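Visitor: Feature annotation from TrEMBL assigns active site, electrophile to H103. The active site, proton acceptor annotation in TrEMBL covers E175. The substrate binding site annotation in TrEMBL covers N13, W14, K15, G181, S221, G242, G243.
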Amino acid sequence: MAENTRRPIIAGNWKMNLNHFEANLLVQKLAASLTEQQLADVEVAVLPPFTDLRTVQTAVDGDKLSIVYGAQDISRHKGGAYTGEIAGSMLEKLGCSYVLAGHSERREYHEESDELVNAKVKAAFASNLTPILCVGEGLPIREEGTHVAHCTAQLDAGLAGLKPEQVKQVVIAYEPVWAIGTGKTATPEDAQEVCGAIRARLAEKYGAEIADAIRIQYGGSVKSANIASIMAQPDIDGALVGGASLDAEEFASMVRYREHIAR
Ligand SMILES: O=C[C@H](O)COP(=O)(O)O
């Protein structure tokens with residue numbers, strides 16, 4: 001396997017939290033808590049609700065912050081009569097770099113199918129956005145022991161029909177549903193098992209060069225106290241953080257995860 005040159009990516013998914021005043025405050029505090037070097041070493045992304053995107057854009061552009069941002073969802077449609085939907089072109093215009101596709105909360109509460117997730121991944125590329133494709137198993141599947149097959153099937157479905165050069169850019173987020181917001185983190189070994197299987201599957205389908213370039217995040221109750229052991233795993237290149245990303249100090253401390261290793 002080639003040397004790992006993947007730049008870690010730590011993304012904060014704010015979910016349905018923070019109004020635009022609070023969004024501005026959090027981004028400012030986050031930037032003030034990190035040095036340029038720390039922001040160069042780790043790509044830091046925030047994924048606010050749609051209603052905060054303009055505020056985040058203004059803060060990032062105005063102060064030339066080395067933080068990127070994106071959205072939590074995207075419409076499969078390009079535009080038109082789709083009440084409540086947000087098109088990729090609108091996100092692109094707001095300077096978004098990333099968009100989540102297939103987060104388990106969308107799959108579960110909004111009945112998003114693999115086919116819809118795949119359409120959203122393609123919609124992201126059509127508007128020059130990088131999709132963060134989320135995969136992960138619920139507790140019954142974990143207990144049954146079919147979690148690896150479940151996640152690789154979601155991976156295959158999410159990436160179906162993409163060109164290899166597009167696949168190479170995708171970020172994959174492995175989030176076991178039973179670990180999201182529960183305080184119950186997967187052990188680093190459990191997380192590595194699935195992330196390693198995801199990379200092996202990518203290598204099988206698209207070749208080692210592409211598989212080695214793709215960044216794979218772990219998500220599910222990640223916080224400053226446990227991030228270092230997760231990031232130490234060979235196939236984990238970042239974290240998708242929910243609750244702990246709403247606290248600027250805590251999130252900044254996660255970005256500095258290497259310091260936790262050094263201790
Ligand atoms: O997108 C983030 C994940 O759902 C993880 O959320 P959490 O860190 O609150 O468990």
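Placed from the backbone N, Cα and C atoms, the Cβ positions cover glycine too.
Any TrEMBL annotation is an automated prediction that lacks curation.
Tell me what's around each of these sites.
Guide: Every protein chain considered, the tally of other Cβ atoms within 10 Å of the Cβ of H103 (active site, electrophile) stands at 27.
E175 (active site, proton acceptor) has a Cβ environment of 29 other Cβ atoms inside 10 Å.
DSSP assigns W14 (substrate binding site) to coil in the three-state reduction, placing it in neither a helix nor a strand.
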Visitor: If one looks at the chain holding G242 (substrate binding site), which residues at least 6 apart in sequence have a CB under 8 angstroms from its CB?
Guide: G12, N13, K15, I180, G181, G219
Visitor: Checking the binding-site residues N13, W14, K15, G242: which ones have Cβ within under 6 Å of ligand 1?
Guide: N13, G242
Visitor: Measuring Cα to Cα, how many Å separate H103 (active site, electrophile) from E175 (active site, proton acceptor)?
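Guide: Cα of H103 (active site, electrophile) to Cα of E175 (active site, proton acceptor) measures 8 Å after rounding.
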Visitor: Using Cα coordinates, what distance in whole Å links E175 (active site, proton acceptor) and S221 (substrate binding site)?
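Guide: The Cα atom of E175 (active site, proton acceptor) is 9 Å away from the Cα atom of S221 (substrate binding site).
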